[in-house]
Amino acid sequence: MSIDGILERAVNGERLSMEDAVKLYESDEVEKMGAAANQIMLKWHPEPITTFVIGRNVNYTNFCDTYCRFCAFYRAPGHKEGYVLDDEVILKKIQETIDVGGTEILMQGGTNPDLTIDYYTDLLRNIKERFPNIWMHSFSPAEVWKIAEVSSMSVEEVLRELHEAGLDSMPGGGAEILTEETRLRVSRLKITWEQWINAMKATKKVGMHGTATMVIGFGESFEERALHLQRVRDAQDETECFTAFISWLFQPENTGMYKTKKLTPRDYLKNVAISRLFLDNIPNFQSSWVTMGPEVGKLSLQYGCNDFGSTMIEENVVSAAGTTHKVNTNKILQLIREAGKIPAQRTTSYEIIRTFEDKEAAEKDFVMQN
């Protein structure tokens, strides 16, 4: 069945249904979807600019009592290989990030049952006292629900205290697939899809924004993928809590799901395009070169992405599953230019800091650590 009618409706600004999304997932006309998604991206972003942010992942703890089957990073509470980083180690990592022009810290960890709200607020105040201008784009719904549980607080109360202590925005990690079927199969102890949605809505209530994410490749159905997109779109309609959408593929190596069939870059590009076509209320789509590699990341700029994501001075979670791609600032500039775009460094809230003209390079750069 031709998908031309669905694509035409999307490009003309008509909202797609879940049934439309399923038909797109069933089709192999990926290039057509990419072209339509690119047209929609250009309506949001008519200038030939692709943005990126200079940031670092800081994984402050790997202790986690959620035991997701797909995670190679966590260690059970009490495990000899588990850790909680000292504040001074975290502060040193932030200083190194600022030294190369970084503006964002994506600080995330496991759901550590030994860390109460006081640990997080003390850490954030310590960071902001030393580095008042760094943007803390940190934690996740699962971590916030764990803090609420061990601190006998509501999620909204936790987010309000974190925000007052220095949290600026919250990434939408841990969404994976927002359906009960897949979550029960791959992360039985993790927060429910409703809890994830409610935490992201609560970020807006306390004066912050967040991002929405999606991970495919757990063996979920096309209907589940469409339902995930529907739930994200509904939450955005209600609260406008998301500044961006990021999707990637599950990396099965070194995990409890290592026998799962690995999806292809083509599957990733199709998902990016369908998401852009469906999510008509989210302005920014980030490439996921960290999992997909820089060349596929570059291709995604033709499939609906307007942003290359973060430089990732450090990354530990994806690399624990056997996937390591190292890209510094000047490599990102090169990749964006190869895609026919003008690179521009941005803040976490998508304000442009600097546009790199012609062959202009970053004066300060780094070697990715992990």
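Keep in mind that glycine also has a Cβ here, set from the backbone N, Cα and C atoms.
According to Swiss-Prot, the features are:
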type    : residues            : note
DOMAIN  : 50-295              : domain 'Radical SAM core'
BINDING : Cys64, Cys68, Cys71 : [4Fe-4S] cluster binding site
Name, in the order they occur in the sequence, the residues of the same chain whose CB lies under 8 A from the CB of Cys68 ([4Fe-4S] cluster binding site) and which sit 6 or more residues away.
-> Tyr74, Val186, Ser187, Leu189, Lys190
In the chain carrying Cys64 ([4Fe-4S] cluster binding site), residues 6 or more apart in sequence that have Cβ under 8 angstroms from it | Cys71, Tyr74, Arg75, Ala76, Pro77, Gly109, Gly110, Thr111, Asn112
Determine which residues of this chain, when Cys64, Cys68, Cys71 are set aside, have a Cβ within 8 Å of the centroid of the [4Fe-4S] cluster site's Cβ atoms, and list them as they appear in the sequence.
-> Thr66, Tyr67, Phe70, Phe73, Tyr74, Gly110, Ser187, Lys190
In three-state terms from DSSP, label Cys68 ([4Fe-4S] cluster binding site) for me.
-> coil
